[in-house]
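Peer 1: Can you read through this structure? Questions will come right after.
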């Protein structure tokens, strides 16, 4: 297993000052700063070598070519294809004067390119679309910029797809935390199985550039890959997996067969592998996930979101006498468009932070701030609720006070 950080000039030369790689993609929090482009192989074993500087050459892994180097691209059928660019996303890409090509798609590499590559037309993806399928029309620059993040990279988000039609929890697939990956045009993100060798490799690079790996034995070590072109179009490919890749419940190819590149859309459902032994153990469950592309999952705060959050803060201030701006569990700020849980005692937290406390003794809940016990299943028509409302009849109208304070802050005068 090796991780190669690719220089912007041939290895035997000192990189020029203007390398064409954005300095914002340097990650100094690592002992060895990571710069794009980067490349990882998940399948080829490293070969011991006395000269550690030549390991990437002697073990047959190779490195990604520099922008000016002549490159050899191994196509899906194992033959050299000189008509495609240096960032071919369906094969191992190596320098012709550095390392031999590995003629198998199972040695497919994970590589991430930076944004704004020079001579973009020379770095076109090696895309093989299914019959009767064509690429979408090219988009204008304003639309293209909206698809990018602030660094000029495209993004993809994977979240677990909970199959509500399944009667068994075991058949709902493997649960995982949301995964977000970012990549420049021409990049390829490997999908595979999590192993110790993978762990060692990805520990050297930032999370957003990791391969997409899962702890499930029904997924091949190199199961498939995502590709992204210069228009922000994302593609899915099965790379000879044994248990299959499914897009919207349709298998892409038969076992141990490389599939075509299928264009992805927001909301598509992907399944990796099939349950083994009934999926009774998590390690034998398939992975079902929904995809969201190019920041489409991000919510923009509007006036309603901001006003709702302001009401929550004012409610806490009026009921507890304290102004709470941060989540007391994670100590981060509570912001608009975030999922928030508000307890009957008016304390609030990020739902992600308090979820375990909510489900631990549900429906009983003890506030971690004031230690108040409450019943989350109490109905609005219960006697205790009615008594609570009657006791508060003589109390000032908290809601009116909140409205007054919000409008005063906004410079608006209430008129009866």
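Positions of Cβ are set from backbone N, Cα and C atoms, glycine also.
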Peer 1: State the residue range annotated as region 'Disordered' by Swiss-Prot; the candidates are 1-30, 31-60.
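Peer 2: Checking Swiss-Prot against the ranges 1-30, 31-60, the region 'Disordered' one is 1-30.
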Peer 1: Which of the listed positions, 215, 260, 290, 298, does Swiss-Prot note as ubiquitin cross-link?
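Peer 2: With Swiss-Prot as the source, ubiquitin cross-link is noted for 260.
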Peer 1: Say a student had to find the ubiquitin cross-link annotation in Swiss-Prot: which of 295, 317, 333 would be the correct pick?
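Peer 2: Per Swiss-Prot, the residue annotated as ubiquitin cross-link is 317.
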Peer 1: Sequence gap of 6 or more, Cβ distance under 8 Å: name the residues on the same chain that satisfy this around residue 150 (ubiquitin cross-link), in order along the sequence.
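Peer 2: Counting only residues 6 or more apart in sequence, residue 150 (ubiquitin cross-link) has no Cβ neighbour under 8 Å.
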Peer 1: Looking at the domain 'FHA' (189-252) alone, can you tell me the average pLDDT?
Peer 2: 92
Peer 1: Do you know the DSSP helix, strand and coil residue counts for the zinc finger (327-371)?
Peer 2: 10 helix, 10 strand, 25 coil
Peer 1: For residue 204 (ubiquitin cross-link), which of the three DSSP-derived states applies: helix, strand, or coil?
Peer 2: coil
